[in-house]
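Peer 1: Not my notes, these are from Swiss-Prot:
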type     : residues                      : note
ACT_SITE : H37                           : active site, proton donor
BINDING  : 30-37, 149-152, V178, 186-189 : ATP binding site
BINDING  : Q61, Q155                     : (R)-pantoate binding site
BINDING  : Q61                           : beta-alanine binding site
Amino acid sequence: MRVLRTVAAVRSAVEGWRASHERVALVPTMGNLHRGHLALVERAAQLADRVIVSIFVNPLQFNDRDDYSRYPRTFEKDQQYLDEYGVAVVFAPSLEDIYPQRLENVTHVEVPGLSDILEGASRLGHFRGVTTVVAVLFNIIQPQVAVFGEKDYQQLLIIRRMVADLLMPVEVESIATVRDKDGLALSSRNSYLTKEERARAPILFGALSHAAETIKEGWRNFSILEEEGRQRLVTAGFCPDYFHIRRAEDLAEPGGRENNLVVLAAAYLGKARLIDNMQVQLKSVD
């Protein structure tokens with residue numbers, strides 16, 4: 001496994017693989033890796049001959065400077081994890097490599113509509129930062145496939161829309177949310193939880209699961225289910241940002257006869273902001 005830090009170096013590596021007709025996969029990360037990230041790497045290895053994992057803490061997707069500053073940087077530990085998974089290259093660029101014109105002069109890539117609701121409404125500019133850095137990474141590496149997790153469901157839809165709208169020759173693959181045994185979705189931000197908060201954190205998964213099961217049983221008054229979900233979280237000591245039921249394909253508000261839905265929630269528990277979702281697939285509604 002090689003650690004490459006410059007655009008020229010990683011492009012040179014990719015050019016060599018392409019000359020040998022090898023397929024390249026990219027797994028974009030911000031580091032502080034956990035089992036969820038490693039599952040992405042495993043899937044990427046199934047889809048390509050060479051896997052590149054990028055590690056770059058992207059300031060453009062943080063709307064809170066303190067959040068950016070305290071985001072865990074664990075590069076040495078991340079390297080050890082990835083070395084065991086057959087990764088070909090870890091791409092760890094500097095801020096100047098990714099944004100050579102400095103942050104105040106960056107050319108942004110933004111998906112309108114989808115980027116402004118739910119998570120986008122709570123974290124202004126967040127998705128613009130995500131799509132900008134992903135577009136830059138795609139342009140640098142030009143992978144045939146990139147792998148993302150379904151835990152960040154809205155992000156996944158936005159990246160797929162960006163790729164489709166800009167005719168990027170990249171396949172966007174996803175894997176199901178990786179969870180601990182108690183249901184808590186794995187996240188780098190789980191490290192912010194105290195021991196007591198960690199014990200309560202799976203209540204978020206429970207609230208989503210309850211809503212999903214109730215929908216499967218035929219309940220269609222979604223506003224009541226959303227309020228019930230928020231109240232479950234408040235009662236457990238969470239501070240919810242949102243708890244919504246949306247159409248799975250575009251996150252629009254459902255009309256009541258859709259077959260594919262998703263329940264999405266975000267809530268603070270102490271200093272940790274947890275997000276999760278639960279997809280709901282229904283039989284055809286007569």
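Just so it is clear, glycine is given a Cβ too, placed from its N, Cα and C backbone atoms.
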Peer 1: State the count of C-beta atoms found within 10 angstroms of the C-beta of G36 (ATP binding site), not counting that atom itself.
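Peer 2: Its Cβ shell of radius 10 Å holds 18 other Cβ atoms.
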Peer 1: Taking H37 (active site, proton donor) as the reference, which of Q61, E150, Q155, V178 (the binding-site residues) have a CA within 10 A of its CA?
Peer 2: V178
Peer 1: Between the recorded positions L33, H37, Q61, E150, where is the Cβ count within 10 Å the lowest?
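Peer 2: E150, out of the recorded positions L33, H37, Q61, E150, has the fewest neighbouring Cβ atoms within 10 Å.
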Peer 1: Pick out which of the binding-site residues Q155, S188 has the most other Cβ atoms within 10 Å of its own Cβ.
Peer 2: Q155
Peer 1: Q155 ((R)-pantoate binding site) to M30 (ATP binding site): how many Å between their Cα atoms?
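Peer 2: With distance taken Cα to Cα, M30 (ATP binding site) is 14 Å from Q155 ((R)-pantoate binding site).
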Peer 1: Give me the count of other Cβ atoms within 10 A of the Cβ belonging to M30 (ATP binding site).
Peer 2: 18
